[in-house]
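Visitor: Below is the structure I would like to discuss, written out as structure tokens.
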Amino acid sequence: MCVYVCVSSLRCSGPKLKSCMLSSVPVLSWLPRYSLRDNAIGDLISGISVGIMHLPQGMAYALLAAVPPVFGLYSSFYPILIYFIFGSSKHISVGTYAVMSVMIGGVTERLAPDTNFMMYDNATNQSMVNVLARDTERVKVAAAVTFLSGLFQMLLGLVKFGFVVTYLSEPLVRGYTTGAAIHVIVSQLKYTFGISPKRHSGPFALIFTVIEVCYLVPETNIGTLVVSLVSIIGLVMVKELNTYLGKKLPVPIPVELLGIIIATVVSWQVNLEGKYGVEVVGEIPSGLQPPVMPTASLFGQVIGDAFALSVVGYGIAISLGRIFALKYGYKVDSNQELIALGLSNTIGGVFQCFAISCSMSRTMVQESTGGKTQVASALSAMVILVIMLWIGALFEELPKAVLAAIIYVNLQGMMKQFMDIPTLWKSNKVDMLVWVATLILTVLFNPDIGLAASIAFSMLTVIFRTQLPKYSLLGQVPETDIYRPVENYNQVNEIPGVVIFHSSATLYFANAEMYQDALAEKSGIDITKLISQKKKAEAKRLRKEKKEARKAKKDAKKNAQDWEGEPDSSENEVEKGVATVEEGSKPDSTLPRAIILELSPVNFLDTVGVKTLRNIQRDYGDIGVEVVLCGCQTGVIENLESGGFFSEKVSKACLFSSIHDAVLHCQTDRAKMNKDDEEMQATHF
């Protein structure tokens, strides 16, 4: 990475190399200056609190990813340590995340479905799933897609592609996470009711799954349902208590940890699995897994899913990172965040983790309990390490229904995002449309396809908004150089004889024709009709001149004896006719003297936009209306030059930096023309 950052210079000096190292490995810049006195206590409490949250969330989100729960613990350990070294945010808590997990689950269940691992049981004479072989294959798939998504994130970071997140607007992200949360809820219904619906893939898979779950509801395991309901009610009550006593408690009550401890003890004592058929977590191996390179043969089958994961994971992390960076007055490097997340996922994939991102709930706890640096995250990883080495096996009797309940309760925040709809309806209906469309596309299609379709829809709304901008005429605020739309402000006055035309969007091929039509409508000038009339008058004048010339020539031949006097008479007749046409071709007094095109919103001009302005300049000039431009940005002027807008007839004298300068120019020209008219009339009389 350092080599990449420094390639812009052929010589890499010592200070430059040091700066390169510090920017590429942020921990080297802040850890030596870490203040034990100011930060240690807060980071310690925060790290323990978040580490306790990692345990239930890691195991629960592993179910979403369709891998054994212990792999959720691995994903809460290795990636956190990597982010601690390379991340630039001080406050976010990376690790397992519901949306990412359900996307991983879609991939693992698609490539390693139960039907591929059916085996015949001679004892029961029935077919059953070889769970061990299935889970082994699903872990390989999850590791492969995670590894590949990390490579994508690193590549995007190295080419400085951090701005890609700008295409994920806030309404899109919130609508997408809400839709993904619905996928999460539906995927956990089988653990809530103790049923085994078939897995559906492709478009409308969620709808088919819901229909099948409804069909299987009569087969519900009552014991599993009771465990689910009791767990949900208990978790919600204690979370509400946390909210109510939030300011009085030094740290939140670890409701999820208490929930899994109580559930495990009850399950062990009552033997829920044996007596009531409640499915439990099962074997949780102690210790750490050795590194294993992902199966490269799977890459081709998961490349699309990996890219979607890389974009979604980065978008969520950078959004939260910027919120806390703004709150505490520091900067988050978007490209460095891509590299940090990429390394976390790439190395995590080697250690059989599944893709991670940033969790809002853990981040809020990390910040509220006093966490000030990523030392808190490193300490939370140490908590997970202790659990994996010595404590994990104690949770083998934990019912999966309790983990599903933890997932439901943690999705409360996402479900509350439905309240965005009335808020956006009042503030911006297009953003509301993006939110709703993203939700529908994500629900109907899988999260990966839904994301691509949502981004495409969001881009279309931008195009439509530029195609349908607001056009207005500007007027002057009395005794100022301020100009505002006349339809929106009662106190502004239009400049006599001058039309100031404003568009709210840039000018390019998609709206060029509408720009001309709007100008004609707002100015009240039917340019096509006037040009047509002018051409007809010109043709009539030419025909009249030819007719008079032929008549004069004929008369000259008949009166050869008067040759000396006739030419003068004929010439006078022709001149008289020409004078009459010139007098009639003077500009119509009902037309404005000038049109000012206010182009400050225009940030670029394509060839069609330049051609449109050139046509406007020519056509309105032909009927005696001067056209000038104002507020042009430097890039727009360059586009005008390269597009051939300027010529011998059109110089840069038609460009003005402000509306007021253009108005003064037009008023000066008008006064001069009025003076010339008065002199001509005086000469005539």
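Glycine is treated like the rest: Cβ placed from N, Cα and C.
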Visitor: Suppose you had to name the range TrEMBL annotates as transmembrane segment; which of 224-241, 404-421 would you pick?
Guide: 224-241
Visitor: Let me spell it out: take the transmembrane segment (141-165), skip the flanking residues so only those 6+ beyond its ends count, and list any with a Cβ under 8 Å from a Cβ in it.
Guide: 1, 4, 65-67, 71, 104, 107-108, 111-112, 292, 294-296, 298-299, 302-303, 305-307, 309-311, 313-315, 318-319, 333-339, 341-350, 352-355
Visitor: Is the count of Cβ pairs under 8 Å between the transmembrane segment (306-326) and the transmembrane segment (439-464), pairs 6 or more apart in sequence, 3 or more?
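Guide: In this chain the transmembrane segment (306-326) contacts the transmembrane segment (439-464) - 3 or more Cβ pairs sit under 8 Å.
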Visitor: Counting only pairs 6 or more apart in sequence, are there at least 3 Cβ pairs under 8 Å between the transmembrane segment (253-270) and the transmembrane segment (338-357)?
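Guide: Contact criterion not met.
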Visitor: Taking contact to mean three or more C-beta pairs under 8 angstroms, with sequence separation of 6 or more, is the transmembrane segment (61-86) in contact with the transmembrane segment (338-357)?
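Guide: Output yes: the transmembrane segment (61-86) sits against the transmembrane segment (338-357).
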Visitor: For the transmembrane segment (224-241), could you work out the same-chain residues 6 or more beyond its ends whose Cβ comes under 8 Å from its Cβ atoms?
Guide: 191-194, 253, 255-256, 258-259, 263, 272, 276-279, 399, 401-402, 404-406, 408-409, 412
